[in-house]
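Notes to accompany the following structure.
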Amino acid sequence: MWLSVALLTLLDGALAAPARQHSGAFDMPLTWTPFGFTTDAIQIGTPPQPLVCFVDWTWIGQYAFTPRCHGGSQGTYACLQHGQPLYNETESRTFANQSVLYPERTWNPNHFFFYNDLSVGFGSDIERVGPDHQARVTLQLADMHFQLDMVYPFGGVYGLSPVFKSDNASTQSPFYQMWQQGVYRSPLVSFVYCHNSTFDQPTPRRELCHGKDGLQTLGGPSPVLSLSDKNNSSPILWYDNIVFPPVNEIEFVYQPAVYNYWALRLTRHLIGDEEQALNTSIGGNPGAIFDHASYGRGVPMSENSYRRLIEITGGRPVVLDANVAPNNGNQSFVSVDCEKVSSFPNVKYVFEGHDRVWEVTPANYVERREVDGKEVCVLNVRTLGEGDWIIGNFGETFAKDKVVLFDFDKLRVGLADVPAAAY
């Protein structure tokens, strides 16, 4: 795209990552993996044990693989595969056992291991995030009751779920725990995705994500927003978070139930200018869950709106292996004419609280894939539920040209456009 002289002048001093404007924040670089985004910025214990963590907007604490297996630490590899990254509390002189304060907990089913137990004990230790942020936090210490069938490319889960008033430290995000101790001055976290271009459309520059795939800012708004000027502002629209119980029945099924999600109500869903029906039979407008892990891949649609998009785009059924499919949803996939993608309609959403229409362009919801040695363009759509819209996940596909923010104090979700100067 052509840049105006004024914009070129603005960019002249902005090609490096912008200077941090909010003291006390940390811009945590993220690496894309098939599971979701991970970070290598976390260490736990004394001396510090590096722990690559999966960053999860839908989990309620700092989870860590440990040597524990069936309640003991002697038979670790009867549960874990050799080479599995983990945190070993016996090697930390600052570890404190919290088993009396918080008894062991088990979820079954769960969305980690499904119908195998997700069992954790509790302890606290010093967690370091980046070079300058550290505090004692409560940890969820994995106690495996079965053998993992693979080595996971991370040793823990850094949860960023909202924290409710009734929650104690056993189900609190490690970010929230540190913010409560004054380590971060702001209760905000924010995300920007420096993704690869599929159809040569502009994408946020990699240096804005410190050369990585994404940036999860802890303790403030994304520094990308500081690139806006007075004539090209990118205001944040804030939406009040809701509790949406059907999420534990339709999507992330846990027993005991988990309801800590960044969630909004959807008031409109459109394909181009064509309104799509919403299912309002569950006590109001349907739900929108924010999740940038693998379950947030694909533009969220209902079964019926996906069927309509297939009609509009002339989609044809295509069979994709799991390692080729653009997302892990249960819906079927269709191929479309790569030459016609620019003519496809935007997929649109309106959330309760504002009339702003948020859009996903066809260049962001169509993916190129190789099938039998040939390039195929595939609709990257993920559906949940049956019939009209009842629930959907808003993650990396939705966020390709947006900044997503969460406010842990006021329990709000914020959305903003990525400023033009970031491209």
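Please read every residue number as a count from 1 along the shown chain.
Every residue gets a Cβ built from N, Cα and C, even glycine.
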Practice problem: Going by Swiss-Prot, tell me which one of C209, C377 is disulfide-bonded to C338. | Solution: C377
Quiz item: So which of N97, N232 shows up as N-linked glycosylation site in Swiss-Prot?
Solution: N97
Quiz item: So of all those recorded positions, N97, N168, D291, which one's Cα sits nearest to N88 (N-linked glycosylation site)?
Solution: N97
Quiz item: Nearest to N196 (N-linked glycosylation site) by Cα, among D56, N97, D291, C338 (recorded positions)?
Solution: C338
Quiz prompt | Confidence summary (mean pLDDT) of the domain 'Peptidase A1' (38-416) | solution = 96
Quiz item: Since the record lists N88, N97 as glycosylation sites, which of them has the fewest other Cβ atoms within 10 Å of its Cβ?
Solution: N97
